[in-house]
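> Positions annotated as active site, nucleophile by TrEMBL: S97. For 53-313, the entry in TrEMBL reads domain 'Tryptophan synthase beta chain-like PALP'. What TrEMBL records for K70 is N6-(pyridoxal phosphate)lysine.
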Amino acid sequence: MTGIIRIVTIFLFFYHKFANFQTLVPKSLCTFVSFVKMNSVNQNIEIQNKTITLTIKREDLLHPFVSGNKFRKLKYNILKAKELNHDKLITFGGAFSNHIAAVAFACQEAGIESVGIIRGNELVGKIQENPTLLFAQNCGMKFEFVSREVYQNKMSESFISELNTKYGNHYLLPEGGTNVLAILGCEEILINEDAHFDYICCAVGTGGTISGIINSATPNQKILGFPALKGDFLKDEIRKFAKNNNWELIANYHFGGYGKVTDELIGFINQFYMDVKIPLDPIYTGKMVYGVMNLIANNYFPNGSKILMIHTGGLQGISGMNGLLEKKKMNKIVFDE
């Protein structure tokens, strides 16, 4: 199993390093991989605290383009869109959105037209400069760029009415992909073999992934969520979908808010790859893993604890993030051997 993990990790490494998500994706490739049920593998991580067992679930290896929790969130939504005979799917996201990239590929594979409502009308005419948007466009996604003010009201009746008038028969998917069907998909992340873990740790964005994990976890497991952004509203979002109360948010590791990074975080991600050869993204999983390691160092977990971290993917955004880091003259994320 370790050999399989290594092979796939090397594939993803070289894809990110050389393809950089900027090369045109052939249509034949976009229809090559079947959108089927899959289970990810667990990989043990050696740590200095020998009384604690640390494992990471490699959801990032599920699919090279529809990675991690995006695979889970999109699975039943794509199937529902096909069932309802919708000829297009509309969704929302930012300039480097993992969701936008994943939706574009999944829709291309499913034979559904995709439309992305993108935050920031300053991006008009700059698709070639943006690896995420270029990838999505190469998979067939059409874009509608809107101002940040309009984007804040994207779910208003008036804006939805405009979409209905303009695009006709379509399937509407929220930003981040979180809805009831997404939760159903995320409930498949944990499998029977994961029942022996005491703690399940995952990053939190819109609350969909952790809600699915909460619903499928055993009663004796504690679910720890690490928000990637500031704000207490996430608790209410999770309560909309979560059926159990065995969860807690650890809100001290967002590094300033959504999309915010520091040299300390980047250094941790680079060192983690050097140590265990697992790439982490800086927006979600990188912050979560940093948080878990910090909690272990500060004796948060009882002796003998078995901890499972969920790697939710998001690696496609690293190229864009490195571009921003370079402009800020900050250290970049480097997955070198």
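Each residue, glycine too, has its Cβ placed from N, Cα and C.
Please treat TrEMBL annotations as automatic predictions, because they have not gone through curation.
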> Within the domain 'Tryptophan synthase beta chain-like PALP' (53-313) only, compute the mean pLDDT.
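On average, pLDDT over the domain 'Tryptophan synthase beta chain-like PALP' (53-313) sits at 95.
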> Between S97 (active site, nucleophile) and K70 (N6-(pyridoxal phosphate)lysine), find the distance joining the two CA atoms and give it rounded to the nearest Å.
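About 11 Å separates the two Cα atoms.
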> Which of the three DSSP states, helix, strand or coil, fits K70 (N6-(pyridoxal phosphate)lysine)?
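Looking at the DSSP assignment, K70 (N6-(pyridoxal phosphate)lysine) belongs to a helix.
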> Around the Cβ of S97 (active site, nucleophile), how many other Cβ atoms lie within 10 Å? Please give the count over every shown protein chain.
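Here the count is 25.
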> Same chain only, sequence gap of 6 or more: which residues have a CB within under 8 Å of the CB of K70 (N6-(pyridoxal phosphate)lysine)?
N98, H99, A102, V103, A106, G177, G313
